[in-house]
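Peer 1: One structure, pasted below without further comment.
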């Protein structure tokens with residue numbers, strides 16, 4: 001008769017249980033899954049991967065062919081704090097995409113096909129600290145209030161895009177901003193951009209690769225470093241008149257001339273009427289005297 005089996009130590013039972021649980025946890029095909037991290041780098045994915053563990057904190061989708069991020073699938077990852085989507089094919093339809101990942105702290109959308117950033121793009125990411133949207137050559141528009149809700153934003157990279165203009169309030173009103181990438185863009189250094197250039201000069205923000213933050217247009221300022229052109233641009237904007245200024249001054253002069261002419265004409269008519277009325281009164285007095 002065989003001896004009775006000895007009870008397994010509690011620690012061994014616990015380890016076996018953890019092992020069985022790890023086998024049950026799913027992992028997207030072709031990706032590697034570690035504790036709270038899913039890494040799908042360079043897997044030639046065409047779509048957002050399925051079967052991502054719901055407790056994932058860090059998701060890396062870099063170097064794939066993903067062109068769309070489904071808001072519903074993302075919202076299942078409510079604890080996600082790190083999302084790396086660089087080097088994909090994401091386009092301009094990102095409004096409300098991140099509505100369900102409010103805990104996100106790090107977001108990398110560089111090397112994609114973004115064309116614009118609106119208020120609805122990142123407005124739900126109230127905890128966002130790092131945002132990289134550099135190397136999007138088709139990115140030509142960032143709305144004035146695009147980052148109004150991202151008050152914790154500390155690192156913002158807009159380098160190597162198609163931007164020609166950025167409203168000063170878009171970045172000036174970010175109280176925690178310390179790092180702002182602006183190099184190798186198509187900045188149009190005209191009078192409308194003067195306020196932004198002045199803000200760059202006065203702010204304490206770090207601008208990396210500052211030597212390559214240059215004007216692209218007008219031709220006379222091309223390749224000139226910003227904010228070194230501030231003095232020249234300020235002189236040009238404050239002392240020189242442009243075509244619209246001459247048109248405005250011409251209209252003002254014409255209005256003044258026309259108003260003066262009308263006033264003189266009315267004064268003349270009033271004088272004539274007064275003279276006629278006075279002469280008529282004198283004639284009537286002479287007739288009564290006779």
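Cβ coordinates come from backbone N, Cα and C, glycine included.
Bear in mind that TrEMBL entries carry predicted annotations, made automatically and left uncurated.
These came from TrEMBL, pasted as-is:
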- 26-58: domain 'LRRNT' (DOMAIN)
- 185-238: domain 'LRRCT' (DOMAIN)
- 1-21: signal peptide (SIGNAL)
- 246-274: transmembrane segment (TRANSMEM)
Peer 1: For a three-state summary based on DSSP, what are the helix, strand and coil counts in the domain 'LRRNT' (26-58)?
Peer 2: 0 helix, 7 strand, 26 coil
Peer 1: Per-residue pLDDT averaged over the domain 'LRRCT' (185-238) comes to what?
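Peer 2: Mean pLDDT, the domain 'LRRCT' (185-238): 93.
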